[in-house]
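Enquirer: Not my notes, these are from TrEMBL:
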type	residues	note
BINDING	C:CYS7, C:CYS10, C:CYS45, C:CYS46	Zn(2+) binding site
Amino acid sequence: MELRVTESSETELSIEIAGEDHTFMNVLKGALLESDDVTAATYDMNPEQSGGQTDPILTIKTEPGVDPLDALEEGAITVREKTTAFRDAFEAAA
Amino acid sequence: MATDYDVEFVEREDREARFLVRGVTPAFANGIRRAMVADVPTMAVDTVRFIENSSVMFDEQIALRLGLVPLTTPPEGEFVEDDTVTLSIDVQGPATAYSGDLVSSDDLVQPADENVPIIQLKDDQRLEAEADAIMNHGKNHAKHQGGVAVGYRHLQRVEVVGDLDEFEEQESQIVRGVVEDDGELVPTSEFDHDLANRYPGKEVRLEDVPEAFVFHVETDGSFTVDELVTRAADSIIDRATELEDAVQL
Amino acid sequence: MMVPVRCFTCGNVVGEHWEEFNARADEGDEDPQEVLDELGVDRYCCRRMLVSHTDLVDVVSPYQ
């Protein structure tokens, strides 16, 4: 997973996450939007045939005083915790 | 944070299961589904060396058929991507070569189904080949797809709202999946997918239960359903951890 | 020529059931619908794979 920041300011960040697809990006976006510190989160991804940018670019906007990179880290932690909780619940039922 | 998940099995077999998950968002449900289809690696034949093929099919056609045969996938950690296992097949006609005739060099990697006909051989025809199986993802080729027809539907709640008028003819109300009736989970196949069979003379209403999804998962035999779901979850956990580490740097 | 190993649409392994289906429904006198139900071939994409298949090995083998 290679990260490349394409745009960055106090409360806004665009970052390219190489090698990922909708499977992970949509889950991550969903988790980011659940946070109160994040005002907007989206990702853009193009198909192979477009011949252009095919790796997803994630854009995060945060509330004043919150570093978007911290929000991203927070989002990744949320995804990890949620998935671990799902895994545990599944194993408990299995 | 809504990390209160609740999983309940509705139907369960080794290769096919239906289970209800409560408390997940649609985005998360879809992430799990996609991970099951494309991100759980399985073993499949990828390269075939023909020693003799005098059958009626070309080498390439037979290689494709061998590739599609599901192979049991060893437990996590036993193999990494691009490790190979060699399977050999040697059948002399008149006979039919089956997937069960593949002899593997590793006990953990065996044909999951033994009765898939590979090629029917006539007198004096012979198939002798060595095949290398590799571990790869469903993203790269459908033969590496462990989950077959993986999908989910909303759980639907049935509510009886009243009786039908005495002379009113009941219309059939088709629903597929699993319905919740007074907290009880009922697969719709039990009443032939028609609510009119279950509630004769009643007027019923259906509504989606928010954040409750019924997954239907089938595997091609590479591993059990449990294995597929936990590995799919693991693949998402791995990526989240990787991102976490990458951001911290 | 030979039965497809998997269903084109969903990827379910159907080749596994061909010989039994062929013996019971095509060559036997059982109802194909019942045979498929018993074999556990539920979806119509997988069912058409077996129902519409004809083995052609015997037809082409003289021309090898």
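A Cβ is built for glycine as well, from the same backbone N, Cα and C atoms used for every other residue.
Are these features on the surface or tucked inside, and what touches them?
Expert: In the three-state DSSP assignment, the secondary structure recorded for C:CYS45 (Zn(2+) binding site) is helix. Within the same chain, the residues at least 6 positions away from C:CYS45 (Zn(2+) binding site) whose Cβ sits under 8 Å from its Cβ are C:CYS7, C:PHE8, C:THR9, C:CYS10, listed in sequence order.
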Enquirer: Count, for each of the binding-site residues C:CYS7, C:CYS10, C:CYS46, the other C-beta atoms lying within 10 angstroms of its own C-beta, and report the residue with the smallest count.
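Expert: If we count Cβ atoms within 10 Å for the binding-site residues C:CYS7, C:CYS10, C:CYS46, the smallest count is at C:CYS10.
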Enquirer: Is there any among the binding-site residues C:CYS10, C:CYS45, C:CYS46 whose Cβ is under 8 Å from chain B, and which ones, in sequence order?
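Expert: Listed binding-site residues meeting the cut-off: C:CYS10.
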